[in-house]
2 protein chains.
Amino acid sequence: MPMEEMELKPGRHMLYMEWYSRDPGGLFMKVNRWLYSAQSPYQRIDIFESPFYGRVFALDGITMTTEIDEFMYHEMLVHVPMFMHPNPKKVLVIGGGDGGSVREVLKHPSVEKVVMCEIDEMVVRAAMEYLPYTASKLNDPRVELVFEDGAKFVRQFKNEFDVIIIDSTDPTAGQGGHLFTLEFYKACNEALKEDGILCAQTEGMTYDWEWGSTAYKRIKANFPLVKMYLGFMPTYPGGIWSYTYASKAGLDPIKDYNPEKVRNFKEPLRYYNEEIHKAAFALPNFVKKYIGEE
Amino acid sequence: MPMEEMELKPGRHMLYMEWYSRDPGGLFMKVNRWLYSAQSPYQRIDIFESPFYGRVFALDGITMTTEIDEFMYHEMLVHVPMFMHPNPKKVLVIGGGDGGSVREVLKHPSVEKVVMCEIDEMVVRAAMEYLPYTASKLNDPRVELVFEDGAKFVRQFKNEFDVIIIDSTDPTAGQGGHLFTLEFYKACNEALKEDGILCAQTEGMTYDWEWGSTAYKRIKANFPLVKMYLGFMPTYPGGIWSYTYASKAGLDPIKDYNPEKVRNFKEPLRYYNEEIHKAAFALPNFVKKYIGEE
């Protein structure tokens, strides 16, 4: 296991983050200052400062966000589904305790309510204290915070949400595993309205790509139109990050995309734009092979 | 400097590759077996075996190729310009001592001759011995190997090549710096035929992105049509790798692209395809800003 070989050591000059479950390898970075370390009922939480990466937030020794690149992940996870939905009013974010996904969701003026269901309240409290920009919208009156198991929570809803965003940890880290099951994706489908859209982070395509491939196939088994897309993410393992888009009404992310909405968008974005939206769905041959779409 | 803080240490279980010139940070990997280490007149050369990455080739402690991902870099650097040229017969590769670019160039059946000008003969000899797949085409009869400074070599040609590929090391590593000057790009322009195409690796867009931005602007000062594109490259710093395409005749890589050539291509490719060609030119907002193309 990663943590046995490469445990986070507060106070050490250098910190090593494992990238791969089978052989040691990963990212190392300099630590200037340790801000927070705690063991929650679910996982180990660490937040520290690194000169280049800024504030780094890790769960069980795996990078969740760094200040230099969290925008890449959160913009790609959120804006692709949000711009595809004609009028997203009610959004469910599952996981995403750092608040970055909620921050991006609330850039869309149609949104009336965001429910964020995060199992680990300690993560949310730590983010609100130590990651003020990432967590900046968690106090917004449109946000409802729920501290529960997302897989159980979603089951109580039928035909409720316009968009569901699955911002989970890795399937082997902390509590992420149960957010990768067939049953969970089925429950998400049922919790969506008829024209609802789901988007999930589905892991990297360099190391342990089998996780992402499995997640993609399971989502595909539950929705009529499912497509994987990719984005750069420097501090995540291998930097090739995958997301899976699913539409209950069969809205195609290329053919049915309305770039007018993007052109009229008032909020500044640092990664996502009209060309990136379309380009992200182009998959390299090896990724098509991994997910069985050759 | 990277090498002072993180020198390669043959025989150590773990190896740390610096990713950033200002603060320590980068990739670490397990080393199973050390295959080759030498100091050439130009740089330190290392080749070792890692369980996940396969054979890893490094110059001055910076990863040049690993067996798991060199195809991503070489396919993107080579096939974008090669598919844009209507009939590439004579190709110049500057740098690229490992042979990966030549291997990809020779997949195009129109090619009659590839000149590879690599300053460091020891790199080429080491690659031919220890990186047999990457260097597999360096003995092809269509290949002419020249061991010279590429910046000087290219100056002797006018109107000679269909395609020039600049497969340099980083501007601060080894001998790469002089392959990033205005004068060098001007000489490349003059060495190309009237419909010639140039493509250069122009560094990463995460760390030290100023290098890539400078290279892009200098190429742009020398060609009528210049566009940057991106590809994933897990073991290069930050994984967001940039390439700059330039056409002497103003051929646009999107509007003037002929996908028929790709559809009829007989050689298997693991990364590049028709959709990737077009998608690679979509730049995230922050990259547009870096290169002054907002």
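One is the number of the first residue shown, and numbering goes on along the chain from there.
Just so it is clear, glycine is given a Cβ too, placed from its N, Cα and C backbone atoms.
Per TrEMBL, these features apply:
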- A:ASP167: active site, proton acceptor (ACT_SITE)
- A:GLN43, A:GLU118, A:ASP149, A:GLY150: S-methyl-5'-thioadenosine binding site (BINDING)
- A:HIS74, A:ASP98, A:ASP167, A:SER168, A:THR169, A:ASP170: spermidine binding site (BINDING)
- A:13-248: domain 'PABS' (DOMAIN)
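Of the listed recorded positions, namely A:ASP98, A:GLY150, A:ASP167, A:SER168, A:ASP170, the sparsest Cβ surroundings within 10 Å are found at A:ASP170. DSSP gives A:HIS74 (spermidine binding site) a helix state. Within the set of recorded positions A:GLN43, A:GLU118, A:ASP149, A:GLY150, A:ASP167, the entry lying nearest in space to A:HIS74 (spermidine binding site) is A:ASP167 (CA atoms). If you measure from the Cα atom of A:GLU118 (S-methyl-5'-thioadenosine binding site) to that of A:THR169 (spermidine binding site), you get 11 Å. The most crowded of the binding-site residues listed here (A:GLU118, A:ASP149) is A:GLU118, judged by how many other CB atoms sit within 10 Å of its own CB. Other Cβ atoms within 10 Å of the Cβ of A:THR169 (spermidine binding site), summed over all protein chains shown, number 24.
Secondary structure at the residue listed as 'active site, proton acceptor', as computed by DSSP, is strand.
Cα separation, A:GLY150 (S-methyl-5'-thioadenosine binding site) to A:ASP167 (active site, proton acceptor), rounded: 10 Å. Looking just at the domain 'PABS' (A:13-248), the mean pLDDT is 93. If you take the Cα of A:THR169 (spermidine binding site) and the Cα of A:GLN43 (S-methyl-5'-thioadenosine binding site), they are about 11 angstrom apart, rounded to a whole number. Looking at A:GLN43, A:HIS74, the binding-site residues in this record, the fewest other C-beta atoms within 10 angstroms of the C-beta turn up around A:GLN43.
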